[in-house]
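Written below as structure tokens is the structure these notes are about.
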């Protein structure tokens, strides 16, 4: 009985939030695009914070996971539902596409998870900084493979993605992602992940399967990075390997560390803050890339863990109906 008022309150809050965002974005196509990219950035930042924040490791592989998701999601929709120069006529009726698009997002996420498993198995056999090195190599390997695969356009990229990643879809997927990630980090597995971060040897002594815990968390984070990549490709309706390089890595890392480690709320603030600053400073052109890094340096000096670090996102406290 106590859950129903909370669920109703959550639904009402989400409806009001969507109405506000929709009203703001309807002013122009530019605002609509900016809002969708910001929501995708929130999802991407949250997923990386699972690894770099809650797990306490340092991963550079998120652009690679995003690329796997972007290309797998694009191949799924273009091959099955669109007429394209690379793949020829659609294999299925295009009318089915919007209904099967969620399946494409799931496949994109699972593809990224498989890539994460390939990194996790060798990286988590021993303790140390192996993950940072292997994950960076993985990012370059994925980028190089895509550049040399003519079946997906090679360095020219892949276009023709159907226009299915509209604002309602991106908003809904982001809300589901935030909810699932928040549940994950506050679950028993999330607490075990925190124990591994604080003292891996002590966690191991307390019968926590540290290697399995890290692998599961790493694959879960990669899943949402893959979903974010698929949404990104369908928002822009074009994707190329150059998007998923060092610049994208620096962008996502900046969002994570600006907002705050080990915090769902901090990840949201970091992603939204960096996106808004990037758009607000766009008229300054080159100077934008001087001001934003300078601000990040100041944050790292005075708030090394980020603006909002180690703060739990308590939905029950926020959404509970007031008496």
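For all residues, glycine too, the Cβ spot is worked out from N, Cα and C.
Record features (TrEMBL):
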TRANSMEM  35-52  transmembrane segment
TRANSMEM  64-82  transmembrane segment
TRANSMEM  102-121  transmembrane segment
TRANSMEM  128-146  transmembrane segment
TRANSMEM  166-185  transmembrane segment
TRANSMEM  215-235  transmembrane segment
TRANSMEM  255-274  transmembrane segment
TRANSMEM  286-305  transmembrane segment
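The stretches the transmembrane segment (215-235) and the transmembrane segment (286-305) do not meet in space: the count of Cβ pairs below 8 angstroms, excluding pairs fewer than 6 apart in sequence, stays at fewer than three.
Sequence-distant contacts of the transmembrane segment (128-146) (same chain, at least 6 residues past either end, Cβ-Cβ under 8 Å): 57-64, 67-68, 71, 115, 118-119, 122, 152, 154, 241, 244-245, 249. Only pairs six or more apart in sequence are counted, and the transmembrane segment (35-52) with the transmembrane segment (286-305) gives fewer than three Cβ pairs under 8 Å, not enough to call it a contact.
Using a Cβ-Cβ cut-off under 8 Å and counting only residues 6 or more beyond its ends in the same chain, the transmembrane segment (286-305) has close neighbours at 254, 257-258, 260-262, 274, 277-278.
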